[in-house]
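Notes follow once the structure below has been shown.
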Amino acid sequence: MKKIEQFNKRRDRKAEHINFYMESEHENNALFEDIYLEHNALPELNFDEINTKSTFLDKDVDFPIMINAITGGTDFSWEINRQLSHIALEFNIPIAVGSQTIALYNKESRESYEVVREIVKEGIVIANLSSMATIEEVKIAIDMLEADAIQLHLNVAQELIMTEGDRNFKGVLNNIEYIIKNVDIPVIVKEVGFGISKDVAKRLYDIGVSYIDISGTGGTNFIEIEGRRRKDRDFTDLYSWGIPTALSLIQCVNLNKNLNIIASGGIKNSQDIVKSLCIGAHIVGISGEILRKLLDGGYDLAYKYVEELTYKLKILMLLLGKKNIEDLKTTRYKIIGELKELV
Ligand code: FNR
């Protein structure tokens, strides 16, 4: 296929992902309601002293929350990335761009990614490519953003549902290992909504991965999104596939203290964030829910959504008797219900 045709197809696919995400109806359960946290009626703390600051990728962040990979490559993506970048700047939280493949060979589409660094300035910006990308591609993607880290996504389920998707997934682990050895910023290996098992996390850790974004089920469902793009087959019976975010998180957090786990997949409210941190997540990523707020109610609604998350994070910290994020991570929790059976 000619390069220009490939570019047009990729650009159309990006737009369709957003449309079909907004239309998607089937959500699996991230199982955060099966994490029980005990209320502390005697916290002996002052709300004004609750400190939500944290560090990520050697920079300070005001909240352990990040805007996770969504988009780039089209005019519409430029606008989405511009608005999300202002939110990242306002709250001093990290932001990851969507896959930069489209921008590797089409310089015009780079603006929709570069706008993120322009707005966020010294803040944390994370690049994004497929885990099958070449080292040359990885270096272009990093330079484009002066990125603080690069996410390499594992999206096997998504590719298999796409007519035009990859079918050969051999050599991915070796490729990731090669990239880690040849770039000088951290590499985050991430799923896109189907979860990382303990076994996969261990195999990644063993080749030198020190950041894993588990991105489990409970939110954006790429089997449904890609399934809706296809007219020749019905994939509804596969919509429930994947590892719930809470389960994936529990499985991966205690593997090694040098392994940083990012919780994402179905994170919607402040309880999901607090529970993720109590389980042991380093930081918590949100994609679908913030995109939905932005498209439903513009910048103001997306801003209000994040503002409420941060405010309620402080409320919940006080209700647990925890004055800072390090303390919060020592909270004991109980696993109940379906999650208990799966752990
Ligand atoms: C995504 N996601 C994603 N991830 C990635 O690594 N590269 C990408 O290009 C994209 N593109 C993308 C587009 C849209 C419209 C959505 C909603 C999501 C996946 C995302 O980063 C995350 O892993 C999953 O969406 C699960 O988190 P949420 O959406 O449930 O918070």
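Note that Cβ sites are derived from N, Cα and C of the backbone, with glycine treated the same way.
According to TrEMBL, the feature substrate binding site maps to ARG13, LYS14, GLN158. Under a cutoff of 8 A between CB atoms, and with a sequence separation of 6+ in the same chain, the neighbours of LYS14 (substrate binding site) are THR71, GLY72, GLY73, THR74, SER77, GLY98, ILE102.
ASN128 (FMN binding site) falls within a strand when secondary structure is assigned with DSSP. Taken from TrEMBL, the feature FMN binding site covers ALA69, ILE70, THR71, SER99, ASN128, LYS190, SER215, THR220, GLY266, ILE267, LYS268, SER287, GLY288.
Here TrEMBL flags GLU159 as Mg(2+) binding site. Neighbours of GLU159 (Mg(2+) binding site), defined as other CB atoms within 10 A of its CB across all chains, total 19.
According to TrEMBL, the domain 'FMN-dependent dehydrogenase' annotation covers 173-331.
Neighbour counts of Cβ atoms within 10 Å were compared for the binding-site residues GLN158, SER215, and the top value is held by SER215. Apart from the site residues ARG13, LYS14, GLN158, the chain places the Cβ of ARG10, GLU16, HIS17, SER99, MET162, ILE225, GLU226 no farther than 8 Å from the centroid of the site's Cβ atoms, the recorded substrate location. Listed binding-site residues: LYS14, ALA69, LYS268. Those with a CB atom under 6 Å from ligand 1: ALA69.
Of all residue pairs in ALA69, ILE70, THR71, SER99, ASN128, LYS190, SER215, THR220, GLY266, ILE267, LYS268, SER287, GLY288, the annotated binders of FMN, the farthest apart have Cα atoms separated by 22 Å.
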